[in-house]
Amino acid sequence: MAARPTVVLALAVALLVQFAQHASRPMASYRALGPDASVEQLGLVAFAFGALSILIAIPVGRRVDRRGARGTTIGGIALMAGAAAAHAIAASIPQLVAAHALLGLGLIFAVVTLQAIVAHAGPSEAADARFGPFGATISLGQMLGPFVAGGGLAELVIALDLAAPDDRFGTTPTFLLAGGLCAAAAIAATRLPHHPGGAGAARAAEPAPDGPEWILMVLRAPHMGKALWASAIVLTATDVLTVHLPAIGADRGWSVAFVSILLAIRAGLSFAVRVGIGPLVRRLGRRPLLVGACGIGASALVLMAPTWSAWTAIVLMAVIGVVLGIGQPVTKAWVSRSAPDRLRATALAARLTGNRLGQSIIPVAIGAATVVAGSGAVFAVLAVLFGSTSVAVARSDLR
């Protein structure tokens, strides 16, 4: 399959997968609030999403580099469909934790392979231009998921008084929708190439190294540690906002629909920025762009910590959306460009492992901080992390 049609198909599959994920995740938080979960327990649900991924992401990347992508993609999407069904019938926090772990595991299988396909679709110097649309597709899924789930289905179920007694936020239809989206994505994925770079790339590729040297080759790339740190903070911020904003909203008296609108605004601005990330990088340069974005993001997060009016929250969330929209494709391209060609999937998997470490550890720490300082501590902790990222990128060789 030619490079452009392959990328377009990969983007379509990614859109369905991200739509399903981002519809499910905030609804999982509301499902947990049904049995009166605490903020700490919501942190445990978030931890479960990334926990298994920490162990499996790099082996999945190695498998893709050495053996191909299509089967791994389909298997991961099938796991996500099963996780959606498990969420729909979950009646306790342990069951939700297990379902969320399965969702995160399936997502890793799918995302590693889809990223590898995009990374191999052209020269590494133009990776920003390819990962921009890929990131925009993710943002579109992030925007549509909460909007359709919380602003549409859940509100309709509640308005019609159709929610079950043990599902007072009306989450079940969302999980059924997510399962259907995953089924459609799995069918579309059967048309993806076996090897991420296509058949020609599979024949021409050098053998990837065996043993521990392959991961050392990735980690020893110049400033790879800073690239992985920046990537982890950007994705963790997205994840923390998705998981904790429902609880923060409940604490501040915001409706399910308003919280869903905030998440959709964040994703919508991220989408708009990622569509035009190529010209932004060419005009401003990667390092100044990322340093400035992280600094502005830290400021906006600090301002989100107090309880503001709804309109102020909307404006600040829009700013955060722009920042996250810049960070994701730039850090992803940074990691991809730093790795040897035959280890790109492994490098992107190492990035995902770092992301999942952040997604697993940081939410638990934030949950503990909220016990002492209240729900606004979520924004304060994220602000500190973004400030440290801005400093780290400023001291890197990112060009």
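For all residues, glycine too, the Cβ spot is worked out from N, Cα and C.
The domain 'Major facilitator superfamily (MFS) profile' annotation in TrEMBL covers 1-395.
Per TrEMBL, transmembrane segment is recorded for 44-61 (among others).
Per TrEMBL, the feature transmembrane segment maps to 73-93 (among others). Long-range contacts of the transmembrane segment (73-93) within the same chain: residues 13, 17, 20-21, 24, 27-28, 31-32, 35, 37, 41, 44-45, 99-100, 102-103, 105-111, 113-114, 166, 171-172, 175-176, 178-179, 182-183, 185-186, 189-190, 192, each at least 6 residues beyond the stretch ends and with a Cβ under 8 Å from a Cβ of the stretch.
Taken from TrEMBL, the feature transmembrane segment covers 99-119 (among others). Sequence-distant contacts of the transmembrane segment (99-119), counting only residues of its own chain at least 6 positions beyond either end whose CB sits under 8 Å from a CB of the stretch, comprise 6-7, 10, 13-14, 17, 21, 24-25, 28, 45-46, 48-53, 56-57, 60-61, 64-65, 69-70, 72-73, 75-84, 86-87, 90, 127, 130-131, 134, 185, 192-193, 196-197, 332, 336, 344-345, 348-349, 352, 356.
Feature annotation from TrEMBL assigns transmembrane segment to 131-154 (among others). Non-local neighbours of the transmembrane segment (131-154) in the same chain are 7, 10-11, 14-27, 30, 114-115, 118-119, 169-171, 173-174, 177, 238, 242, 256-257, 259-261, 263-264, 266-268, 270-271, 274-278, 325, 328-329, 332-333, 336; each lies 6+ residues outside the stretch with a CB under 8 Å from one of its CB atoms.
Marked as transmembrane segment by TrEMBL: 174-193 (among others).
Counting residues 6+ beyond its ends, the transmembrane segment (227-248) has Cβ neighbours under 8 Å at 22, 25-26, 29-30, 33, 39, 42-43, 45-46, 49-50, 142, 146, 254, 256, 259, 262-263, 266, 290, 294, 297, 301, 320, 324, 327-328, 331-332, 334-335, 338, 350-351, 354-355, 357-359, 362-363, 366, 375-376, 378, 382, 385-386, 388-389, 392-393, 396, 398 in the same chain. The annotation transmembrane segment is assigned in TrEMBL to 227-248 (among others).
Residues or ranges marked as transmembrane segment in TrEMBL: 254-277 (among others).
The feature transmembrane segment is assigned by TrEMBL to 289-308 (among others).
According to TrEMBL, the transmembrane segment annotation covers 314-335 (among others).
TrEMBL lists 361-386 (among others) with the feature transmembrane segment.
A contact links the transmembrane segment (254-277) to the transmembrane segment (314-335), because at least 3 Cβ pairs that are 6 or more residues apart lie under 8 A.
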